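One structure is given below, encoded as C-alpha cells.
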Amino acid sequence: MIWHVQNENFILDSTRIFMKAFHLLLFDGSFIFPECILIFGLILLLMIDLTSDQKDIPWLYFISSTSFVMSITALLFRWREEPMISFSGNFQTNNFNEIFQFLILLCSTLCIPLSVEYIECTEMAITEFLLFILTATLGGMFLCGANDLITIFVALECFSLCSYLLSGYTKKDIRSNEATMKYLLMGGASSSILVYGFSWLYGSSGGEIELQEIVNGLINTQMYNSPGISIALIFITVGIGFKLSLAPFHQWTPDVYEGSPTPVVAFLSVTSKVAALALATRIFDIPFYFSSNEWHLLLEILAILSMIFGNLIAITQTSMKRMLAYSSIGQIGYVIIGIIVGDSNGGYASMITYMLFYIAMNLGTFACIILFGLRTGTDNIRDYAGLYTKDPFLALSLALCLLSLGGLPPLAGFFGKLYLFWCGWQAGLYFLVSIGLLTSVLSIYYYLKIIKLLMTGRNQEITPHMRNYRISPLRSNNSIELSMIVCVIASTILGISMNPIIAIAQDTLFSF
C-alpha cells in the first residue's frame, strides 16, 4: 500500500515537471527560435549519418550551413524587438545579445567551407566534426543570452567541452593530443575559478542567481562594497581572463593553436572570444556595477600586459599558427578598451565593430594558412618564402589579411582600431590608448616581415616545400578559396563603408 502511494506521488510529480517544461517550451520557445534551428540541424545530422552511406556527405555540409544561415535569418527578423526575459528569468533576448549571437553564427558559417577539403584530405570523421561545431555554436549562443549564473555556467561548459573535443580531433597526432590535454586542464581550472567567484557573488547577494536580482540582493544586504565582492571580482576576472587568453593567463593558447587542426583553430580563435566578451560585458556591467573602478583597473592591467607580451613574443615565432596565437592575445587587449569605455562613449559599439572586422581578417588569414598547409604540409614561416612566384593569388590574399590585422590604411583593421582607440581617448584612457598605438605599430613589423618573405624570397631562402609547391590556377572551385575571397573582400572594403556598421552597433539597446 505504501509502495502504491509512493508510486502515485512519483507519477504526479513527474507529470507536473513534464507539464511545466512543456509549458515553458510552448510559450517561451519562440525566444530561442534561432537556437532551436541549430538543435533541429543537430538531430537531422544524426539521423542522416545513421541511415545513409558515405555518398551523402555533401548533405551533411549542406544541412550544417543551412542551419547557420536560417539561424542568422531568424535573428535578423527578430531585430529591434522589445527586450524580453524568458524561461523563468534564465534567458534574456535583446539587440545587444543578438549582435554577439550574430557574430558567432557568422564565424561558424564561414568555418564550414574552410573545413571541407581539410577533412577530406586528413580523412577525419565528418559527422562528429560538424556535430561539435554546431553544439559549440549553440553553447556560445546560449551564453550570450544567459541571464543567471547557472545558465551561464552550463552554456559555457557546453561550449568548452566541444572546444576540447575539436582540439583533439586528430587523435593520431601527438601535438593535437598534447594541445587537448593542456586545453582541458587549463580550461577546467579556469571554469573552477570562475564558479568559485560565482559562489561569492551568490552568497553576498543573499542567494540570488539572476544577474539583476544579484544587484538588488547586494543593495538589500549592504554587501556591494564588501570584501566578498572584491574576492568574487578577482576570481571571475581571472576565469574570464583564461577564456579570453588575456596575459598572464594565455599560456595554453600557443600550444592549442599549434597542435589543433587549423579549421578548428580558425573557429575557436573567434567564437571563443566573442562568447567570452558577451559574458564579460554582462557580468562586469550588471553584478559589479558598484565596483566599476575596481574592474576597470583590473581590465586595464590585463589589457596592457596582453598588448605588450602578445606582440613582443609574436616577433620571435617561427610557426605561423603560433604567431597568430600571440597576435590574438594582443588583439584581445585592444578589444578590452571597448569594455572599459562602456556604453556611454561608444565603447561597446567600437568593440562590436572591431570584432566584425576581426572575423574577416582572422578567418581570411587562416583560410590562406589552410590552403598553404594542404599544398605543402607545413606552417613554418620560412617555408612561405617566394610564395608570390608560385601562387600570386594566395600570396596577395594573405598579405592583405595580415596588413589588415596590422591596422594599415585603407583596410578594415585600420578603421576598426582607429574607432576603438578614438573611443578610448574620448573616455580619458590616454595611457591605455598610447600603449595600444605603440604595440599596434610593433605588430606591423612582424606582419611586414612575413609579407616581405612572401613577395621577395631569394633563391637561397626558398625551402624544398616551396620548390615542390603545386601551382594552382588563379581561382579554383574549392570551398576554402571561396571563404578566403569573401574574407579578403570584407577585410578590404568594410572599413571604407563602416558608418552603417557603427550606426547599427550604436543602435543596440543595452537593456537588461
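Backbone N, Cα and C atoms are what each Cβ position is placed from, and that goes for glycine too.
Long-range contacts of the transmembrane segment (31-51) within the same chain: residues 59-60, 63-64, 66-68, 70-72, 74-75, 78, 84, 86-87, 91, 93, 101, 105, 127, 130-131, 134-135, 137-138, 141-142, 145, each at least 6 residues beyond the stretch ends and with a Cβ under 8 Å from a Cβ of the stretch. Taken from Swiss-Prot, the feature transmembrane segment applies to 31-51 (among others), supported by sequence analysis.
Swiss-Prot lists 57-77 (among others) with the feature transmembrane segment, giving sequence analysis as the kind of evidence.
Within the chain carrying the transmembrane segment (124-144), a Cβ under 8 angstroms from the stretch's Cβ atoms is held by residues 32, 34-35, 38-39, 41-42, 45-46, 49, 57, 60-61, 64, 67-68, 71, 91, 97-98, 100-101, 104-105, 108, 111-112, 115, 151-152, 154-160, 162-163, 165-166, 169-170, 261, 267, 271-272, 274-275, 278-279, all 6 or more beyond its ends. If you look up Swiss-Prot, you'll see 124-144 (among others) marked as transmembrane segment, on the strength of sequence analysis.
For 149-169 (among others), the entry in Swiss-Prot reads transmembrane segment.
Residues or ranges marked as transmembrane segment by Swiss-Prot on the basis of sequence analysis: 183-203 (among others).
The transmembrane segment annotation in Swiss-Prot covers 229-249 (among others).
The transmembrane segment annotation in Swiss-Prot covers 261-281 (among others), and the record cites sequence analysis as its basis. Within the chain, the transmembrane segment (261-281) has long-range Cβ neighbours (under 8 A, six or more residues past its boundaries) at 96-97, 100, 103-104, 107-108, 111, 114-115, 118-119, 122, 124, 133, 136-137, 139-140, 143-144, 146, 152, 156, 159, 163, 166-167, 169-170, 176, 240, 243-245, 321, 324, 328, 332, 335, 339, 348, 351, 355, 358-359, 362-363, 366-367, 369-370, 373, 379.
Marked as transmembrane segment by Swiss-Prot on the basis of sequence analysis: 295-315 (among others).
Panel annotation: around the transmembrane segment (323-343), residues 244-247, 250, 253-254, 256-258, 265, 269, 273, 277, 280-281, 284-285, 296, 299-300, 302-307, 309-311, 313-314, 317, 349-352, 354-355, 358, 362, 365-366, 369, 381, 405, 417, 420-421, 423-424, 426-427, 429, 432-433, 436, 439-440, 443, 446, 450, 510 of the same chain, lying at least six beyond its termini, place a Cβ under 8 Å from a Cβ of the stretch. What Swiss-Prot lists as transmembrane segment is 323-343 (among others).
What Swiss-Prot records for 395-415 (among others) is transmembrane segment, and it gives sequence analysis as the kind of evidence.
Residues or ranges marked as transmembrane segment by Swiss-Prot: 418-438 (among others). The list of residues near the transmembrane segment (418-438) in space but at least 6 beyond its ends in sequence, with Cβ under 8 angstroms from a Cβ of it, reads 300, 303-304, 307-308, 333-335, 337-338, 340-342, 344-347, 349-351, 353-354, 407, 498, 502.
If you look at the transmembrane segment (484-504), the same-chain residues 6 or more away from its ends with a CB under 8 A from one of its CBs are 110, 349, 353, 356-357, 359-361, 363-364, 367-368, 371, 397, 400-401, 404, 410-416, 419, 475. Taken from Swiss-Prot, the feature transmembrane segment applies to 484-504 (among others), supported by sequence analysis.
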Intrachain neighbours beyond the transmembrane segment (57-77), with Cβ under 8 angstroms and 6 or more residues off its ends: 33-35, 37-38, 40-41, 44-45, 48-49, 98, 101-102, 105-106, 108-109, 112-113, 116, 126-127, 130, 133-134, 137, 141
Query: Sequence-remote contacts (6 or more beyond its ends) of the transmembrane segment (295-315), Cβ cut-off under 8 Å?
result: 233-234, 237, 241, 245-248, 250, 284, 288, 323, 326-334, 336-337, 339-340, 429, 432, 435-436, 439-440, 442-443, 445-446
Query: Residues of the same chain, at least six outside the transmembrane segment (229-249), with any C-beta under 8 angstroms of its C-beta?
result: 156, 186-187, 189-191, 193-198, 200-201, 204, 218, 223, 272-273, 275-277, 279-280, 283, 288, 290-291, 294-295, 298-299, 302-303, 305-306, 308-310, 325, 328-329, 332-333, 336
